[in-house]
Structures are given as structure tokens and as C-alpha cells.
Amino acid sequence: MSNSYSAGFRMKLKLFCEGIFQKHLCEVRSGGPHIMKPKGLLSADGSKRSMVHSEEWEKPVEREGRLTTVLVLATLISAFGSSFQYGYNVAVVNSPSPYMQQFYNSTYAERYGTPMDEGLLTLLWSLSVSMYPLGGFFGSLMVAPLANKLGRKGTLLFNNIFSIVPAVMMGVSEIAKSYEIIIVARFLVGICAGLSSNVVPMYLGELAPKNLRGALGIVPQLFITIGILSAQVLGIRNILGTSTGWTLMLGLTGVPAVMELLLLPFFPESPRYMLIQRGDERTAKTALQRLRGWDDVDSELTEMRLEDQSEKAEGRLTVLSLLGQPSLRWQLISIIVMNMGQQLSGVNAIYYYADSIYGTAGVKQEDIQYVTVGTGAVNVIMTMAAVYIVEAAGRRLLLLCGFGICCGACVLLTVALTLQESVTWLPYVSVGCVMTYVIGHAIGPSPIPYVVTTEMFRQSARPAAFMVAGSVHWLSNFTVGLVFPFLERGLGPYSFIIFSGICLATLIYIWLVVPETKNKTFLEICQMFAERNKVEIKLGDGNLPLNESKESLKDVVKVTVF
């Protein structure tokens, strides 16, 4: 009896010690406690359990991401250094345009002894404005090769060349007595905007944990609106919107670029880029640990390896092969529709029409600039609100609400503009419609397409996808700027009915096709589209579908990585 009891006690002690040893070993391997632990070594009553149960392990626990100092600073520096410039250069030529055109005319007269023809002046000014979106289009074409070759952070640092050089050119244009310098500089700074508008959301989307990806993905759009507002404020005639201050105002675009060039090198490159595209797991792990603020980043690394395995099964995508890839067909169509809807919905036309609407509503000519600044402030506030609500409300809901509000505002604006001469209070309704439209666009159509473009594509396809999305964005922008003056001349206020139709068509497409992507990994989003694309995403040698391979890959990682 005593021998039996002694043998039972020794067995329990052995099992207990083995459990402690295994738990300690798992903690050492994983870099932190409670990631993997043995289950069921002893029952509640102390009875012996089968040794098979001692080999059962819990899955790696994935922590919820948080805003660390490194993540916040990397976001703010990249957004201010790049996205801010995009917005600033959108609005920087609006207020000083009379003084700039006067400079064009006086320079021409000094050269040739005769005033510039009005048609030539209009052509040169149109070039000065339209070179910016044209440069943006060419900048978008550079996204894929540069982002793949230099990385996300490396591309942003390289991109500062296209900001600092044109800033100096525009700043000295009056001294050099050359309006050609301004036109060339606007093209170069457009390239900067085309690159930054695509690479910054990509960079931040890859730095952010999945529960913060939407909020951080909107930050670039927030800084775009802050850039627009800053240009509007500086353009007030009592500040830099004067005959002597306009060159300084144009040259200030280089200041954020210099700050980014000095500060961004101290922050990490995208961990996903380093692991999946460069194969440098050590650097990727170090970057993740800095960004997350803890040492245990195994769960995210596992997900990245899983994505890498999935991409190896399909092969790396080139820019051209993206267009014919069956597994990405609906993602590609979706980002094209959303970016076209974003620009062709009339947002630039609303801003173009705003001054005349305010004037008709009784705002004094000298006060219109302040009302315009107020509109810019509303844009900033609502974009800031989108940063806070995107993770709770989701991307899809904000897109649907935003395009719905814009559609209704355009219809109501058409009615108000048509009848405002016969009804005294309708001009104020027109002003309200402009503000409502700005609010609707700021919460959805403006920021969300960048976020969704990041989320819909996996690592190797993402730069090519942003190139396509950016090209559509800038071509649509250029088209609206080119066509709207003729549209407005021919249709007047009824031109906004066309914009309302585009908003409605985009809304219907999003309702029918675009899924909710919040709090999903890139692979989970890819799986959601796989059903619509009628393909099966596979891993490794392609023998197992993704949902069956995921657990097996985790098991392999547990054994071989550490």
C-alpha cells in the first residue's frame, strides 16, 4: 500500500516538474510569459492525466496594439513632411494668383517690350495650375518601382528632392524674372505629391497594428486638409497673400521636407517590407519591438510569414501582371471605382464654386477669404473626427454615409442655385450645402480610399495597387480641373446633378461589392475577396488552402523559428 502511494506521489511530482520546465522553456523561446503553456497536467483532484494532454498548447496570444511614442512620432513626421505638402500646394496659388499673373505680364513686357496677350496669360496660368496634378500622375507611376527598391521610408526620404528643389525654384522666381521656373517647379512638386499621397498611407498602414490601421491611415488625409487650411490662412491679404509675400509663400513648401529629411531616418522602415520583400527577419523583429513597445511580437511575425508563404505560392507580382491577376480582380476594380468616385464627385468643383456661392449669399468680397478659411477649418475638424470614429464605425459605413451626404448636398445645391434669385433665403441654403458637402466628403470619400487600398492588397502587390489607384486619382483630378469650367459654362448649376449621379453610382458599388475590412489581417481580407474572385488562396506548395494551412504553419513556426 505504501509502495503504491509512494509511486503515485513520485509520478505526480514528475509531472509537475515537467510542467514547470516546459512552461519555462516556452517563455524563454517566445520572449515573454503566458504565450504558450501546458494544459491539463494535473486535474483538480490531483489525479494523474495522460501524457498526451501535456503536449496540448494554447495558441499564441495576440496583444491589442497601442499608440507608442515611436509609432506616433513616425506617423506625425511622415504625414507632416509629405502629406502636408500635398494639401499646401493644392491651395497655395489661389490667393496670390492676381499678383502672380501680374508678375507673368510684367516679366513678358520687360523681355519683349509689349504686354502679354490675354490668351497667352490665360494659357500660362492654366499650365501653372494644371502642372501640379499632371506631376502627381507621373509621381504615381513612380510609386511601385521606388517603394519596392528603396522601401517605404526610403522612398519618402528620396521624395524630398521633389519638394526642396522646386521650393527653392519658386522662391527665387521673381529675382530670376522667370515664370517658366514656376511652371516647371509646379510639375516637380506635383511629382512629390503623387508619391507622398500613395507612399505615406502604405507606410503607416504597414507600421500600424490592425486595430489602429484605419485611424493611422486617415492621418495623412488629416494633414492634407491642414496643409490646405495653412495655405488659405497664409494667403490672407494681411499675411503673405500680397505682391511681396507670394514668393515666400510658395517657397515655404520646402520646410516640412527638410524636417522630414532630418528626423525620419531615426524611425524604423516598414517591418512587413523588411521581412517579406527583403527577407531580413532580424531587422523586421527589431522594428516591430520598437513600434509595439514590447519584446513579444511573435504573433505578428507569424502572420507576416504566413502572408509570405501565400505570396510565394502565387509568385511575386509585377505592375503589369497585377492587371490580369484573377485573385485581385475585384480589389483592383474597387480601388479604381473609389478613387474615381473620390475625385469625380465634384469636390474640386465645390471649392471652385464656393467663392461665387458666398458672394451670392451676401458675403462681402473682402470677407470671402475668411469664409473660405472657415470651410477649410470644417474640413480639418471633420477629418479629425474620422480618425477617431473609423475603428468604431468601420470603413464601409463611413464611405456609404459620406457619398450619401455628398449626393444629397449636390441635389439640394442644384435646386438652391437655380431658384436663389427668386427666393431671398436660398443663398444661405447654398452656403449650408457647401458646408454639408465638405463634411460628407471629409468623413468618407476623402480619407477612406487610401486606407482600403492598403488593406485590400498583400505586400508585393501593394505598391503596384497604389500606383494604379494614384494614377486614377490624379487623372480624375486633372480631368475635373480641365472640364469643369466648360461644364459650368454650359450647364451652370445643373452640372452638380452629374456629380450627384457619380456619388450615387459609387455608393451603390460600395454597398454591393466592398466588404468591411476593420480589424482584419491582410490575409483575412484577401480571403473575403477570394470567394468573389472565385479563386482559392494557397500556401507553400499550393496543396493546402489558406484556412487549412494557417494552423499548420503556426505549428512549424513554433518548432523552427526560435
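For all residues, glycine too, the Cβ spot is worked out from N, Cα and C.
Copied over from TrEMBL:
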DOMAIN    75-518  domain 'Major facilitator superfamily (MFS) profile'
TRANSMEM  67-88  transmembrane segment
TRANSMEM  123-144  transmembrane segment
TRANSMEM  156-175  transmembrane segment
TRANSMEM  181-204  transmembrane segment
TRANSMEM  216-240  transmembrane segment
TRANSMEM  246-267  transmembrane segment
TRANSMEM  332-353  transmembrane segment
TRANSMEM  368-390  transmembrane segment
TRANSMEM  397-419  transmembrane segment
TRANSMEM  425-443  transmembrane segment
TRANSMEM  464-487  transmembrane segment
TRANSMEM  493-514  transmembrane segment
Legend entry - Segment-segment contact (the transmembrane segment (123-144); the transmembrane segment (464-487)) at 3 or more Cβ pairs under 8 Å: yes
Legend entry - Result, the transmembrane segment (156-175) in contact with the transmembrane segment (368-390) (3+ CB pairs under 8 Å): no
Inset, instruction - Select the range from 216-240, 332-353, 397-419, 425-443, 493-514 that forms the most Cβ-Cβ pairs under 8 Å with the transmembrane segment (67-88). - result: 216-240
Legend entry - the transmembrane segment (425-443) vs the transmembrane segment (493-514): 3 or more CB pairs under 8 Å: no
Inset, instruction - Might you confirm whether the transmembrane segment (464-487) is in contact with the transmembrane segment (181-204), defined here as three or more C-beta pairs under 8 A between residues 6 or more apart in sequence? - result: yes
Legend entry - Close approaches to the transmembrane segment (493-514) from elsewhere in its chain (Cβ under 8 angstroms; 6 or more beyond its ends): 330, 333-334, 337-338, 340-341, 344-346, 349, 396, 399-400, 403-404, 406-408, 410-411, 413-414, 417-418, 445, 452, 484, 487, 532
